[in-house]
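Features as listed in TrEMBL:
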DOMAIN    37-99  domain 'Alpha-D-phosphohexomutase alpha/beta/alpha'
DOMAIN    111-216  domain 'Phosphoacetylglucosamine mutase AMG1'
BINDING   ASP209, ASP211, ASP213  Mg(2+) binding site
DOMAIN    230-368  domain 'Phosphoacetylglucosamine mutase AMG1'
BINDING   GLU303, ALA304, ASN305, ARG430, PRO431, SER432, GLY433, THR434, ARG439  substrate binding site
COILED    321-348  coiled coil
DOMAIN    385-458  domain 'Alpha-D-phosphohexomutase C-terminal'
Amino acid sequence: KEDNGVKLVDPLGEMLHPSWEEYATQLANAEEQELQKVITEICQKAAVNLHKDASVFIGRDTRPSSKKLSQSAIDGVQVLGGQYHDYGLVTTPQLHYMVCCQNTQGQYGKATLEGYYEKLSKAFMELIKQSQCSGEFQRHLKIDCANGVGALKLSEMKPYFPQEVLIHIYNDGTKEKLNHLCGADFVKVHQKPPGGLDMKPNERCCSFDGDADRIVYYYKDTAGHFHLIDGDKIATLISIFLKELLAKVKQNFKMAVVQTAYANGNSTRYLQETLKVPVHCVKTGVKHLHHKAQEFDVGVYFEANGHGTVLFSKAAETKIRQLVKEEKDNEKREAAKMLENMIDLINQTVGDAVSDMLVIEAILALKGLSVQQWDALYTDLPNRLLKVQVADRRVIDTTDAERRALTPPGLQEKIDALVKKYKLSRAFVRPSGTEDVVRIYAEADTQENADALAHEVSLAVFHLAGGKGAPPQP
């Protein structure tokens with residue numbers, strides 16, 4: 001809870017454009033007495049029309065610092081003569097949704113929390129209705145809400161869910177601290193269940209992160225082994241489902257999956273070789289994935305950490321909605337209807353744990369898949385993440401979507417030589433975006449080999465890129 005994050009949303013509910021990140025940095029670093037000058041310069045550079053009414057939407061999470069910060073933002077908007085709408089406590093994706101609704105004059109949906117709950121639950125119910133075994137089965141799902149704002153919003157949404165879906169909320173923020181030994185990041189990094197959630201064999205469980213824009217699934221098998229189902233497997237499940245529907249509507253829609261270098265090698269292999277879906281690799285960071293996914297009629301993107309969504313092009317969406325109304329062929333029309341419900345269920349502005357969870361639950365129900373069957377689509381290659389402290393992270397420069405190091409000299413050659421020692425292996429290094437550390441990712445045929453490769457690469461980074469402190473220990 002001591003980490004203060006401020007997220008800025010652009011007018012269509014998407015990530016801030018990179019050119020505006022520079023302005024944000026200039027503003028954040030401006031001395032008090034220079035503030036007005038810096039604002040004026042930005043207005044000139046960005047050709048801002050100062051006679052237009054400015055409207056700002058503000059939301060906050062449950063951290064103790066949030067109330068004061070959001071009040072400061074409101075004061076700033078008022079001082080500069082803007083209008084503001086304070087949504088109070090919301091998840092990050094809910095705020096993205098509101099901004100999009102407001103600026104599309106309600107085309108995307110109603111810009112209220114009720115509007116959000118109604119849009120998602122209606123699309124979910126319509127989808128579930130098309131499932132063969134609806135009504136006769138109840139689906140239990142245990143959800144770890146990371147002691148964050150997601151718990152409050154899920155509780156508010158409960159009355160909107162159909163009877164078949166029974167959600168059980170854990171780590172709701174009443175007892176423990178935000179993200180303490182729980183949440184999507186904890187589960188993904190430590191590869192173990194969160195505290196505060198009791199798992200029985202083969203029960204479906206999932207974890208949100210603190211602001212509810214990421215989700216991972218997991219279960220324990222009958223032998224008590226923990227199985228993580230991360231963003232890569234979520235993207236794969238969604239891709240299988242969409243690909244089948246797209247084949248039925250028989251339109252030449254271009255579909256692709258966008259991943260980062262952190263995606264498990266076997267997920268990429270499965271998507272390309274078994275599913276025959278094009279896969280594109282981009283630099284780490286949601287903005288890069290989102291941007292690439294916009295190039296296709298249907299773009300599925302997920303980071304391995306569970307942050308992702310699906311984007312539909314305007315043309316594809318218009319065509320699908322038209323088919324629902326006009327298509328005479330039953331099978332085609334039904335498939336188009338499912339796609340239309342998917343479009344409404346998915347939060348296309350940004351990764352959204354609540355929306356992604358409903359998408360996954362609907363697909364599992366429609367395909368009659370258990371969590372084990374989903375997990376068994378492919379087996380993840382064993383992997384290891386490490387980080388090495390360095391004096392200056394800028395000595396590392398990368399290319400090829402961060403998969404290869406350009407500098408310091410000799411580092412990439414060293415990594416190539418190490419990778420040759422192990423089967424099915426690959427490794428890459430990249431500088432952190434926020435601190436002086438270098439992140440290392442390695443995968444290989446066994447956990448032992450993945451660990452050994454990661455360690456050897458971390459030593460190479462330490463020696464060639466100015467490591468700090470003692471050399472990494474195995």
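Placed from the backbone N, Cα and C atoms, the Cβ positions cover glycine too.
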Q) What is the interatomic distance between the Cα atoms of PRO431 (substrate binding site) and ASP209 (Mg(2+) binding site), given in whole Å? A) 23
**Q.** Cα-Cα distance linking ASP211 (Mg(2+) binding site) and ASN305 (substrate binding site), given in Å to the nearest integer
**A.** 14
Q: Report, as numbers and ranges, which residues of the same chain sit near the coiled coil (321-348): CB under 8 Å and 6 or more residues beyond its ends.
A: 93, 96-97, 119-120, 122-124, 126-127, 130, 242, 245-246, 248-251, 309-312, 355-356, 358-359, 362, 366
Q. DSSP says what for the domain 'Alpha-D-phosphohexomutase alpha/beta/alpha' (37-99): how many helix, strand, coil residues?
A. 31 helix, 13 strand, 19 coil
Q.
Please count the residues of the domain 'Alpha-D-phosphohexomutase C-terminal' (385-458) that DSSP assigns to helix (H, G, I), strand (E, B) and coil.
A. 24 helix, 26 strand, 24 coil
Q) Far apart in sequence but close in space: which same-chain residues, 6 or more away, have a Cβ under 8 Å from GLU303 (substrate binding site)? A) GLY231, THR260, TYR262, THR284, VAL286, LEU289
Q.
I'd like to know the mean pLDDT over the domain 'Alpha-D-phosphohexomutase C-terminal' (385-458).
A. 96
Q) What's the CA to CA span in angstrom from ASP213 (Mg(2+) binding site) over to GLY433 (substrate binding site)? A) 19
**Q.** Rounded inter-Cα distance in Å - ASP211 (Mg(2+) binding site), GLY433 (substrate binding site)
**A.** 20
